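Working notes for the structure below.
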Amino acid sequence: MGIGCSTLSTPSHILCYSTSLSNSTLKSESKSLHNHTPFPSNFRPSILPSTPMSQSPIQSPLNCGKLESIEAKQEISGGPVIDPHGIDPKLLQKLVYDALVWSSLHGLVVGDRAVQRSGTVPGVGMVHAPVSLLPVPFPASHWRQACELAPIFNELFDRVSLDAKFLQDSLSRTRKVDEFTSRLLDIHSKMIDMNKKEDIRLGLHRSDYMLDAQTKLLLQIEFNTISSSFPGLSCLVSELHRNLLDKYGSHLGLNSKMVPENFAVHQFAKALTKAWEEFNNPRAVVLVVVQPEERNMYDQHWLSAILREKHGVTSIRKTLAEIEAEAKLLPDGTLVLGEEAVAVVYFRAGYAPSDYPSDSEWRARLVMEQSSAVKCPSIAYHLAGTKKIQQELAKPNVLERFLDNKEDIAKLRRCFAGLWSLDDSKVISDAIEKPELYVMKPQREGGGNNIYGNDVRDALQRIQKGGTEEDAAYILMQRIFPTVFPALLVREGICHKDLAVSELGIYGAYLRSKDKILMNEQSGYLMRTKVSSSNEGGVAAGFAVLDSLYLT
């Protein structure tokens, strides 16, 4: 029997077992290939109907290498990119089996939602992270473009964060209809009133892009300034794919050197360490703000492990509720938890309304902002990353308010998709008529919040009839239609055969101490792949799998 497979044309309740997935270039695989990996005769990685993933990702290796230069990679022939759905069934079984073993041995695991304590007790209920079996082809020219944009975006958002009036004015209507944004703005206003200055500013960002199939343009989806997740896990996926291609690349016609090495977790650790050093208290710790249940904890633990083992920096993990209960603010502004002074506050929570179930969590956020600790992000950086600010920056002449270099401004504008506020009557009329061409976005992070298709029309018509200012809670964005490609998506030990699309995230690290820029770098990448029939793309939210890229 071959590989169990479901495709988009297969009814969701039917399993299709195919014995004819052979690719002519793979039929002649050698006997030595069959002897590469011993596995049970009853091991059959089957492909079941696609369903939203219920895990959130985790760990990344401590030895992620540095990214080789694009020029060096282009000199290597990557060979033709194959159709993964045509891989010989026996070879596919070996690939899946080896991927599962490698993931288990190297900590590419997540908390299993089926196990109650998997989000609170380390080591309990672990399952391999959802991944693509093979890296996704991606043009080297667009990869270079995305990497070059990172330092420019880093600088832009730092300058935006310093313009309190721009932030307050741009979000003034939004605060009337969005309580979460309003509470964030209240904290920001308090910092303005107390003339609070962030002399040390740390940004660990991720700019997300899709490659539009029709125009061949790399278009930005969003810019994340808070809890840019998976710097650890993304490294592991790149290592997994390079490992598989080192072993099976000759049979697949793929070259492992065309998968860029990923160093995101090391770059983030480097930036946090430099910020810790600038704080200038060797006894102080890095505070990682986490959610009460976190099945993505291992991704975070890799970063903490590198901080400790490579840089000698101690980190502690606390929820917002724990911080509110334990935090003390000393007269000099030092934030103390228990007996430990805090040098850097690194948020891996606090980006969604659900993170603030009571006033206790809001008090915790306020006391951290009032402290002298370096915040990643500060409240101003957090607000700068909202969808509304993204839309404001896309308006004519707004980038010129923050940047002087005309070439840098032109580079940013080339990657902007269409973005509009809901007070643009012409665009609203077009979106009601052709809702499939637009996405409606609230001021939220974390996945699962956007509005698509006919729901866009319904939402816009409802808002129009309501006669309220609810329109200020949303922006409209041009819907990007990336290239659809065949993919092999592995979750819970099962290989799903589907058509998919991908989204590239480029990490950036920015550290400034007063007038001195200490770090402004592109810092690795995150590739996410989802079934093409799915609108949303968040891995932790259960819509996508983790991937790496194969330069073409």
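Just so it is clear, glycine is given a Cβ too, placed from its N, Cα and C backbone atoms.
It should be emphasised that the depicted structure is a prediction, and the values quoted were computed from it without experimental measurement.
Taken straight from TrEMBL:
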BINDING   Arg206, 226-229, 294-296, Gln300, 348-351, Arg528, 539-540  substrate binding site
BINDING   Glu222, Lys387, 441-450, Tyr452, 477-480, Glu503, Lys530, Glu536  ATP binding site
BINDING   Glu222, Asn224, Glu445  Mg(2+) binding site
DOMAIN    284-384  domain 'Glutathione synthase substrate-binding'
Among Glu222, Glu445, the one of these binding-site residues whose Cβ has the fewest neighbouring Cβ atoms within 10 Å: Glu222
Task: Whole-number Å only: compute the distance from the Cα of Ser227 (substrate binding site) to the Cα of Glu445 (ATP binding site).
output: 9
Query: Of the binding-site residues Arg206, Ser229, Ala349, Tyr351, which one sits closest to Glu222 (ATP binding site) when you measure Cα to Cα?
result: Arg206
- prompt: Which entry in the list of binding-site residues, Tyr351, Tyr452, has its Cβ near the fewest other Cβ atoms, using 10 Å as the limit?
  reply: Tyr452
- line: Cβ neighbour count within 10 Å, max among the binding-site residues Arg479, Lys530, goes to Lys530
- prompt: Around the Mg(2+) site (Glu222, Asn224, Glu445), what further same-chain residues have their C-beta within 8 angstroms of the site's C-beta centre?
  reply: Arg206, Asp208, Phe223, Thr225, Ile226, Ser228, Gly385
- prompt: If you measure from the Cα of Tyr351 (substrate binding site), which of the binding-site residues Asn224, Tyr452, Arg479, Lys530 is the nearest?
  reply: Asn224
Query: Closest to Pro442 (ATP binding site): which of the binding-site residues Arg206, Asn224, Gln300, going by Cα position?
result: Asn224
Message: If I take the alpha carbons of Arg479 (ATP binding site) and Ala349 (substrate binding site), what is the distance between them in whole Å?
response: 28
Field: Summary of DSSP states over the domain 'Glutathione synthase substrate-binding' (284-384), given as helix, strand and coil counts
entry: 43 helix, 26 strand, 32 coil
Query: How long is the line from the C-alpha of Glu445 (ATP binding site) to the C-alpha of Ala349 (substrate binding site), rounded to the nearest angstrom?
result: 11
